[in-house]
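Swiss-Prot has this to say about the protein:
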- E304: active site, proton donor (ACT_SITE)
- 147-547: domain 'GH18' (DOMAIN)
- N146: N-linked glycosylation site (CARBOHYD)
- N172: N-linked glycosylation site (CARBOHYD)
- N344: N-linked glycosylation site (CARBOHYD)
- 547-550: motif 'Prevents secretion from ER' (MOTIF)
- 1-16: signal peptide (SIGNAL)
Amino acid sequence: MLHYLATILWLAVAHASPGTPVIDWADRNYALVSVNSEATAYENLVERKAGVSVPVSWNVWNGGVGDMAYVLFNENQVWKGAAAAKRATIDVSKSGQFNMRVKLCDDDGFSVSEPVTVRVADTDGGHLSPLEYAWGENNKPGRPHNKTVAAYFVEWGVYGRGFPVDKVPLPNLSHLLYGFIPICGGDGLNDALKTIPGSFEALQRSCKGRADFKVAIHDPWAAIQKPQKGVSAWNEPYKGNFGQLMAAKLANPHLKILPSIGGWTLSDPFYFMHDADKRRVFVESVKEFLQVWKFFDGVDIDWEFPGGKGANPALGNGERDADTYLVLLKELRAMLDELQLQTNKTYELTSAISSGYDKIAVVKYDAAQRFLDKIFLMSYDFKGAWSNTDLGYQTTLYAPSWNANELYTTDHAVKLLTGQGVAAHKLIVGVAMYGRGWTGVSGYAGDKYFSGTADGPVPGTWENGVVDYRQINNELSKYIYRFDAAAKAAYVFNKERGDLISFDSVDSVLAKNVYVQQNGLGGLFAWEIDADNGDLLNAMNERVRVKDEL
């Protein structure tokens, strides 16, 4: 009897399924683009890899080890081999969070381990959880799907403004423009930047060891290293604005995010790109930038301005710059089309341009539009505290009621561009989420405050002469509010101080909204989103009725 029982037990063991595998502990966080959290130079900041190797080993503490082993990612087989090896290596080339199991098999059955999580990060954000927007201030849901509604988000907004990506009402936007991506270059190539204390020096730190005319990140801490909501874990490879944008895009798959290259103080290098070699370096670096930072959907060129009259008065050659602008856009478009074939992703090429008639005249925009998906018409900054005698509307649709000959208007710019042959649907009209103004305004006649002269710039929110819409709205009781029905322009005036501020109000933005629909334009965009309390973006998204719909 004992011999019989022993035989039965032996047969049961001999024909039992393999023992349950237990996966050994390991750090299973990987990154296809690795970021050096201590680096300040872009050359040392990132390393792009085609794939990562994920090793796995296991033990069986009770029972047989099996004949064959399989490694499963999310229940899909990714490796097969001899079970006796008790180890495997899996090559991974896409991002995600994977439940990994080991499955052991023999002729009598199989056993499966408990899952462990393998996290492979990439800059498409596939490893992250969606970052949802929590509705705040006056923002309310609603976005038209037949037009562009865009806004600029600035890299430095995470500091004094306290405005990270999670505060941006992204469900209400079709496009977010990230300001700004710089172009490397030192003395003589980025002199305009020296007007901002510490900014030129910061760029030199970021561009250390990197060739002139390559793009970089101006502030790596703000962009990719600063812990923020949703990307604050110690082992999260992509923190900062970029990390949040990756996660926010998962929650808003409709959103297009474009890096805006240039801007007021970062446009100097463009003036040197008539040199084909310098231009080639730039275009290739933009391609590399998009390959590294996969959450971006193209590129925005913000050259202020071809022909000059920008931040650096020493630069500008109208005829040469006009040619440079066209060939630069052509080469960027060709590069993006080539990249699109490699990635199967659609890339947009856009450009922010001046709405001043004198600057529009420099460029053949009928030719430029062939390469552009959108033209962001900066229909603001017409007037400001750089002059204490030439007071006027800093943003307006039409000429003021008191100056019918004014040519610095949105309507005049649109007519000039469409007159050149630019397709109306490519034109995106600008909204100013800030005001420009003066203090000590006096000598005006009656209530014609712009007929006076000023003592200087009005005290500003972040710089004198410039006041955020949020602040204007919060302090509205201190002012007389007026809306020029002829110009479709808003302003406020404080008689005691002589503070006069021209700005976009809900009234003027609704007027721009109607204008866009009446003229078949592409939509609206705003500078800059952190200055709004939701009022202006709501007005940009408002479904307005025009006369032919009544």
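Backbone N, Cα and C define each Cβ position, glycine as well.
Note that the structure is predicted; figures quoted are calculated from it, not measured.
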Just to be sure I understand the packing, how many Cβ atoms besides its own are within 10 Å of the Cβ of N172 (N-linked glycosylation site)?
23
Inter-residue C-alpha distance, N172 (N-linked glycosylation site) and N344 (N-linked glycosylation site) (nearest angstrom):
26
Distance [Cα-Cα, Å, rounded] between N344 (N-linked glycosylation site) and N146 (N-linked glycosylation site):
24
Other CB atoms within 10 A, centred on N344 (N-linked glycosylation site):
6
What is the Cβ neighbour count of the residue listed as 'active site, proton donor' at a 10 Å cut-off, with all protein chains included?
23
Alpha-carbon spacing, the residue listed as 'active site, proton donor' to N146 (N-linked glycosylation site), which is rounded to whole Å:
29
Spatial neighbours of N146 (N-linked glycosylation site) that are distant in sequence (at least 6 apart) but have CB under 8 A:
none
